[in-house]
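Taken from TrEMBL as is:
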BINDING   80, 83-84, 88, 90-93, 108-116, 120  5-phospho-alpha-D-ribose 1-diphosphate binding site
BINDING   80, 111  anthranilate 1 binding site
BINDING   92, 226  Mg(2+) 1 binding site
BINDING   166  anthranilate 2 binding site
BINDING   225, 226  Mg(2+) 2 binding site
DOMAIN    6-64  domain 'Glycosyl transferase family 3 N-terminal'
DOMAIN    73-323  domain 'Glycosyl transferase family 3'
């Protein structure tokens, strides 16, 4: 593979073939190209615009090189691509815990922060979790707690290979998109928030190409890669081979706030503080954000049959103390497991 030829294609806005994309990603994984070459490739791909086939090729190549874990077919994951520049607290991680307390089985996949103030791994470490469990311990954790945390570096070396380059570039790249897609448990049910609505349908098609069965891709009108409390959120849903589009307005669920100020943080400590207050039942912007985003997870997991029921179940799970108990039980398991 001649990388200069690949670069010429991209400079000329020419799409890459599956084989070409596979070759570059393989070279990256195998450490056969430099950081400068990886950076140039990511920037040129971004400038050209990635196709569904290119993203599928990249995802399948990385997936084939990843270490995976079998957690069954009924687990879900919920995550955002990051890159929305909003610096909100760890919404999807908090919602994963509430969803687990409400009966969903969650294989939460995550890493340290690349573009946000606090990645899921940063938050869990701040809270005192042990995030480095063996596969058997992870399976036991899921069985006993309805949730486990799959730490990206334990499974995906490609993500680690490009992490520093991505940080230095400081721009969104297709690795923002592929991060949530490449859950090591190969989950069939996923909720993914994207930083731009132009990626909703593309990412859905990539997930279908990877074998996804029940998929929800969302983007809010104020730019969040989560369901927003300050603007409507557009949903693309895939289920039983059919695709649907619908929207969620926070006003319809008494969860509207005029801005996002009260859910913005600058550290994992601040994020944890917000979440702990919510788990104690404190109402406000963070509480409402967790309600809406847990509801979509419960709907995806088929714990509830509609979004409104998901909001109601999420509220009950927090208000009766189950979410806080789940959080503490999950944390204590990771600390004490042998």
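A Cβ is built for glycine as well, from the same backbone N, Cα and C atoms used for every other residue.
Keep in mind that TrEMBL annotations are predicted by a computer and have not been checked by a curator.
Spacing of residue 226 (Mg(2+) 1 binding site) relative to residue 112 (5-phospho-alpha-D-ribose 1-diphosphate binding site) is 18 Å (Cα to Cα, whole number). DSSP assigns residue 225 (Mg(2+) 2 binding site) to coil in the three-state reduction, outside any helix or strand. Over all protein chains present, the Cβ of residue 92 (5-phospho-alpha-D-ribose 1-diphosphate binding site) has 25 other Cβ atoms lying within 10 Å. Confidence across the domain 'Glycosyl transferase family 3 N-terminal' (6-64), taken as the mean pLDDT and rounded to a whole number, stands at 95. Here the CA atom of residue 92 (5-phospho-alpha-D-ribose 1-diphosphate binding site) lies 13 Å from the CA atom of residue 111 (anthranilate 1 binding site). DSSP assigns residue 88 (5-phospho-alpha-D-ribose 1-diphosphate binding site) to a strand. Of all the binding-site residues listed here (109, 166), the one with the fewest other CB atoms within 10 A of its own CB is 166. The number of other CB atoms found within 10 A of the CB of residue 80 (5-phospho-alpha-D-ribose 1-diphosphate binding site), across every protein chain shown, is 26. Using DSSP to sort the residues of the domain 'Glycosyl transferase family 3 N-terminal' (6-64) gives these counts of helix, strand and coil: 45 helix, 0 strand, 14 coil. Counting every protein chain shown, the number of other Cβ atoms lying within 10 Å of the Cβ of residue 88 (5-phospho-alpha-D-ribose 1-diphosphate binding site) is 26. Here residue 225 (Mg(2+) 2 binding site) is positioned 16 angstrom away from residue 109 (5-phospho-alpha-D-ribose 1-diphosphate binding site), judged by their C-alpha atoms. In this structure the C-alpha atoms belonging to residue 88 (5-phospho-alpha-D-ribose 1-diphosphate binding site) and residue 225 (Mg(2+) 2 binding site) are separated by 10 Å.
For residue 225 (Mg(2+) 2 binding site), the nearest neighbour among the listed binding-site residues (80, 92, 112, 166), judged by C-alpha distance, is 80.
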